[in-house]
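Before any comments, here is the structure.
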Amino acid sequence: MAAARLSHRMGRLLEKAPALGPWTRVYSTSPAFAEVLRLPQKQLTKVVYPLRELGQHLAADSGPGLIEQRLFDPSLEDIGRAESIFEATARNRIEYLSSAVRLDHAPSLQQPEVCFIGRSNVGKSSLIKALFSLAPDVEVRISKKPGHTKKMNFFKVGKHFTLVDMPGYGYRAPEDFVDMVETYLKERNNLKRTFLLVDSVVGITKLDNIAIEMCEEFALPYVMILTKIDKSSKGYLLKQVLQIQKFVNTQTQGCFPQLFPISAVTNSGVHLLKCFIADITGSLK
């Protein structure tokens, strides 16, 4: 039984995201990303490819390649294509659908789904607001008080995919959090990837470990996002990223090997994350 379970878990891990298609024609992108493309090269790398920028600060004896697990390394053209998927237009409606406290209350949808989980005050709502910055009519509420999100909130991104904002775990979490989240993660058939947010300033906490164990137990393909990278010095952030990367490499089986450092304040890493989401949901085909 254990061997079969491990085999199933590894099978889920080895599922590959759809390959990015070749740049065969000119695609339009958002004016905001067009401005990013005009940045000087060093600043452009920092905003679009923060992991690559961090890797440039590694000493030669710091373990080459440890930080640069860049399995997903799209071109600027591919990122530009993905940017347009997150831009609300008459033909690409991006909207809040509904909220639910139980899976049987959730909207029944066939399109691919991704969900975001993390402890209270990790910056989840701020990140989702940044992802939807090109959809000004979509309201993502941000509160200074941890634990503001109490339900599963469903957002539809055109005909491409649905994004689900889960309640935060830990401080002021809903009483039925475990039943709500576990049931969703185990039984939502169209769930393509779970994004687990970790505060880059604090690192992986005991509560985060519980969430990681849950993802591993359910054999879920998941991705670790490091939030608030603007809050630390370069040296401290690099130390944190190296520690978390080592944890992912040695202590997990279902976690995508590449970390995604993010700042919802400076937008660093947000464009790359949009492209990754568009890729794994098949939206770039």
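Cβ coordinates come from backbone N, Cα and C, glycine included.
Keep in mind that this is a model prediction, so the values were computed, not measured.
Annotation comment: Swiss-Prot describes 110-283 as domain 'EngB-type G'.
Residue density at Lys151 (GTP binding site): 17 other Cβ atoms are found within 10 A of its Cβ, drawing on all protein chains shown. Annotated GTP binding site per Swiss-Prot: 118-125, 147-151, 165-168, 227-230, 262-264, in sequence order.
Here Swiss-Prot flags Ser125, Thr149 as Mg(2+) binding site. Ser125 (Mg(2+) binding site) is surrounded by 21 other CB atoms, counting those within 10 A of its CB over all protein chains shown.
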If I take the alpha carbons of Lys228 (GTP binding site) and Ser125 (Mg(2+) binding site), what is the distance between them in whole Å?
12
How big is the Cα-to-Cα gap, in Å, between Ile262 (GTP binding site) and Ser125 (Mg(2+) binding site)?
13
Residue among binding-site residues Gly118, Pro167 with least C-beta crowding, 10 angstrom cut-off:
Pro167
